[in-house]
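Report on one structure; see the data block that follows.
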Amino acid sequence: MASVRFTVTPTKAEDLPGLSDTSPDISSRSGARVRFGSRESVNRSDPLSDASGGAGTETPDHSSVEQGDGNSKISSVYINNSHCLDDDDFYDKNLALFEEEMDTRPKVSSLLSRLANYTNLTQGAKEHEEAESIGEKKKAGKSPHMGTFMGVYLPCLQNIFGVILFLRLTWVVGNAGVLQALCIVFICCCCTLLTAISMSAIATNGVVPAGGSYFMISRSLGPEFGGAVGLCFYLGTTFAGAMYILGAIEILLMYMAPNAAIFESKSPEGEGAAMLNNMRVYGSICLLLMSLLVFVGVKYVNKLASIFLACVIVSIVSIYVGALVSAFKPPQFPVCMLGNRTINGHEIDDSQCAKTILLASNATTYLWKQFCQSPELNSSCDQYFTSNNFSEIEGIPGLASGIISENVWSSYLSKGDVVEKSSLSSSHLAPPASTHQPYVFTDIATSFTLLVGIFFPSVTGIMAGSNRSGDLKDAQRSIPIGTILAILTTSIVYLSSVVLFGACIEGVVLRDKFGDSVKGNLVVGTLAWPSPWVIVIGSFFSTCGAGLQSLTGAPRLLQAIAKDNIIPFLRELDEYCSDCFSIIFCLVRLKTVFGHGKANGEPTWALLLTTLIAELGILIASLDLVAPILTMFFLMCYLFVNLACALQTLLRSPNWRPRFSYYHWTLSFLGMTICLALMFISSWYYAIVAMVIAGMIYKYIEYHGAEKEWGDGIRGLSLSAARFALLRLEEGPPHTKNWRPQLLVLLKLDEDAHVKSPRLLTFASQLKAGKGLTIVGTVVSGNFLQSYGEALAAEQTLKHLMDKERVKGFCQCIVAQKPREGISHMIQSSGLGGMRPNTVVMGWPHAWRQSEDPQSWKTFINTVRVTTAGHLALLVPKNISLFPSNSEPCSEGYIDVWWIVHDGGMLMLLPFLLRQHKVWRKCGMRIFTVAQMEDNSIQMKKDLATFLYHLRIEAEVEVVEMHDSDISAYTYERTLMMEQRSQMLRQMRLSKSDRDKEQSTWRRLREKTPFNRKKSLTEPDSVVGGASVSTGRGEERNEEERRERGKRGEVASGRESDDLFTAADQSTVFNKFHIFDHRDHSNVRRMHTAVKLNEVIVNKSHDARLVLLNMPGPPRNSEGDENYMEFLEVLTEGLERVLLVRGGGSEVITIYS
């Protein structure tokens, strides 16, 4: 039997009475712009004007007739219905149900097309995507291309390996011994490894823009901690540059060009001061040259980075090769000893380690002259010199010598002590050695704590990968792998170097900081193969490269802090910088000066300040004094990275979904404890000073009020701080990352004060999982004075149900004359301060068609309107009795999300929250979205998969193509039934006089619009006599629908049991519909959308455990309430469990960290 398909042509405006003769422009398109973001930007509370039939009537909004470009447009009861005649051209027929809110809830295809470039993401966190200067244009940059090895691993190696490895590690081993040195290295490496684990969790919890560790700390712990720790980390990075420069100058003046010293001392007591002055002069010159190089361009620094890294690798390899070679052929570096005291090799001018020359009679050596008053044999000599003899030992005995047994234990010395070898015999009756004698003396007192503070900077630099996150192809994969591998590699190198140094080098040489016992050679260079110059040259260039990297990174860190504008005293910079006398003041103010630089974005002024602060470290001139300062600042930074990870893990924020899963809050707390312990172990007074400085900055920002809200963990923790937290939360709305559903659950009680739908509270408990705010409310009809007892009973009933369902929250009972007024008051007044509900959960009005009292579904629609006006999210579970209880976990199945329009991300967040509960944990997640004819479904699927990847949500993705199709006869029939039912209800509410007026209006309408007009219906060949109508839903379903309507007494056409819909019946239905309500032709299209979407959803999700679906908005006025309920019924029929979701107008999910 042939089927018939109908196509409806919209009725022209001139054919309808009361309208202008001017025909509307069918091809005109709306100029509305799809916008993303908060609904506050849209005025949704404009009053509706009275309906007017005149074409010249001006109205303030889109109701009735809208004037524009000389064309009048037909109105309906729906918002923004100015496109009634040209909707097929502007909006898709498949989404006509959502068209009135397309300005605030865009199509998914539109959203995904915007998400192709993630710098333009519309996630509500404005500081992530908006430049501080609004008019600034973004240049199109190259796509990230760096992988794990080049982008993270090698930069971390270059930043971790540095001056301490080459200049101080042998000295640490000599003083602490192999065991304690291993302990120092192991503790420091564990500290950085645990910090790297915490950092990896934070870095993979979304996109980390420029700023690196500062961005992670500030966005995780808030602007107060961000400002305090950010400035401390900046100072640490700046002093690191000073330390590297001092190390390079020490190598230059001590081992490469000792004759280049400007200041010299004639007495041994002044050599230290002269050396410090030389370090200051050459260090300042080197700092100036490096700053100029950074100012000229960072590209030159990046080009030199590979050369500097090659120097580091070659130097380390030469150490290992030299250690292996020493087992067979130890290098010749003899050390002269007097008794058990080490002689300074510089003082042996004649290369004779003896008192006299044996081959020449009565000839004394140069050392004799140093210990005796004259070169004569009968001269008066030092007592220790007289009692002991000279001997030579091998400075590098080799790997097979067994010298490690002597170097296992510690040998800490005080300042001015002579470096001694305890295994050699000597006379201890002599007085202490004088500084004028040619011994090797210690320059500072050593201890375990001091060595920890000096060594720790050698394990810093683990943030190099996170600082380059913008250049990485896949930062969330590369940062954890590259950073942890770099830490493991450097830890192995450090631990093995400790063992090799202890097994190959003599103890007195290890304790000789500057290599005086081996004639001024770099101690680690004596072990290198083939020549010590490999280490000397390699370490010099590597320290220079590390200094350049610090001078490059520190200004950018300061620039990031300045652009965030979190320091309150930076706000009035412009007015202070107006005259030349305020230049120095401006250098301290960071907002404008250090937030900007050259045209290419280089932070020029920040580089200037960095150079000045680094000069302070250069003026200290001692590597051993600058290193503990770095240790404090870096340890404080690492401490707060661990704190941020631990806090986010314990708070379990919905946005906390790191891709790096190998973390735990106990590891973060262990790392935080180690950091705090190392701060006080290395230097307790430095630790106190650093903490006081950070605390002062924190309290200053907190007292004056930071202008940024980054959704930090401290804000979540402060929810439990009672009055202080409530006052603080009231300052502004929560950030996107802190958003979680704060529920207001509306329950209805029967006559016996029993809850009608207890499963509604069960569903709320599964959604909350014990987190956040839950308020359970109900409305008691009556007068408060008379119904107070009933209100108390209802409140006790709610509390009992909450205890039974184990829901932590509050209950609220309101007494009101009308339920709709009570619900409105409850929505407005629930909560306190920042603890206010943002999501309303209410049940679906069952059997609303059969209900004699229409107040049930009218209250439902009124609640939808109230939540929309209050910018609250709305959740409506349908068939709530079929939802699983807490004791009925789903063993398999899917949670299906039908993402039709973008509504703030609620549809993405709710399945994630449900799956945290044991009932839904084993359910998979599927996301369906709708593609229209003009959309590229393949690209939409790819973009949606990428979007979910950055959201850290695992789900199957499917794009359903909905082609434009003719409106079926079934749709017309359902619409006609709906319209007749609505008309009947309106007639029941009209008085006799009103009914007489309406009948006369219909009479005039029939005279102008005859029944047999065909041009507004289908095409001539669409109707075949005797043929059945193809409804698009199948004959069986059509029969079921007819049977169901017959039971309800809602047969629309007057026939009781016709099985076929003939062509004559078609014409009758269409003509009746056309005459019935010429104003609401859009109802046909909305019904078409509901029918088509329902077909697709039932086909794809008939076996789903739960279906989440966008809930269309209600009509602006009450004339279309019955139609709205019918649309929702058609949209969800045939589905077992449905959750209708309506967002509150704000973004609730973000890809950012």
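Think of each number as a place in line: the chain as shown, counted from 1.
Including glycine, each Cβ sits where the backbone N, Cα and C put it.
Where the annotation comes from TrEMBL, it is an automatic prediction and has not been curated.
Feature annotations, reproduced from TrEMBL:
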COMPBIAS  1-10  compositional bias 'Polar residues'
COMPBIAS  20-30  compositional bias 'Polar residues'
COMPBIAS  991-1001  compositional bias 'Basic and acidic residues'
COMPBIAS  1003-1015  compositional bias 'Basic residues'
COMPBIAS  1033-1058  compositional bias 'Basic and acidic residues'
DOMAIN    152-329  domain 'Amino acid permease/ SLC12A'
DOMAIN    445-744  domain 'Amino acid permease/ SLC12A'
DOMAIN    758-874  domain 'SLC12A transporter C-terminal'
DOMAIN    891-1004  domain 'SLC12A transporter C-terminal'
DOMAIN    1070-1153  domain 'SLC12A transporter C-terminal'
REGION    1-72  region 'Disordered'
REGION    987-1058  region 'Disordered'
TRANSMEM  147-167  transmembrane segment
TRANSMEM  179-204  transmembrane segment
TRANSMEM  225-246  transmembrane segment
TRANSMEM  281-300  transmembrane segment
TRANSMEM  307-328  transmembrane segment
TRANSMEM  444-464  transmembrane segment
TRANSMEM  485-510  transmembrane segment
TRANSMEM  605-623  transmembrane segment
TRANSMEM  629-650  transmembrane segment
TRANSMEM  662-679  transmembrane segment
Legend entry - Per-residue pLDDT averaged over the domain 'Amino acid permease/ SLC12A' (152-329), given as an integer: 87
Inset, instruction - Please figure out which one of 147-167, 307-328, 605-623 racks up the most CB pairs under 8 Å against the transmembrane segment (281-300). - result: 605-623
Inset, instruction - For the transmembrane segment (444-464), could you work out the same-chain residues 6 or more beyond its ends whose Cβ comes under 8 Å from its Cβ atoms? - result: 152, 155-156, 158-165, 168-169, 172, 175-176, 180-181, 184-185, 187-189, 191-192, 195-196, 199, 212-213, 240, 243, 410, 412-415, 483, 486-487, 490-491, 494, 549, 624, 627-628, 630-631, 634-635, 678, 681-683, 686
Legend entry - Candidate ranges 147-167, 307-328, 605-623, 662-679 - greatest C-beta contact count to the transmembrane segment (485-510) (under 8 angstroms): 147-167
Legend entry - Folded-back contacts onto the transmembrane segment (147-167), same chain, C-beta under 8 angstroms, at least six residues removed: 243-244, 247-248, 250-251, 305, 308-309, 312, 315-316, 454-455, 457-462, 464-465, 468, 471-473, 477-479, 481-483, 485-487, 489-490, 493-494, 497, 522, 524, 535, 538-539, 542-543, 545-546, 549, 623, 627
Inset, instruction - Count the residues of the domain 'SLC12A transporter C-terminal' (1070-1153) that DSSP assigns to helix (H, G, I), to strand (E, B) and to coil, and report the three numbers in that order. - result: 45 helix, 11 strand, 28 coil
Inset, instruction - Could you pull out which residues elsewhere in the chain have a CB under 8 Å from any CB of the transmembrane segment (662-679), counting only those six or more residues past its ends? - result: 187-188, 190-191, 194-195, 197-198, 200-201, 452, 456, 631-632, 635-636, 638-639, 642-643, 645-646, 649-650, 686-687, 690-691
Legend entry - Long-range neighbours of the transmembrane segment (307-328), counting only residues six or more past its ends (CB under 8 A): 154, 157-158, 161, 165-166, 396-400, 493, 496-497, 500, 503-504, 524, 527-530, 534-535, 537-539, 541-542, 544-546, 548
Inset, instruction - List the helix, strand and coil residue totals of the domain 'SLC12A transporter C-terminal' (758-874) as derived from DSSP. - result: 54 helix, 22 strand, 41 coil
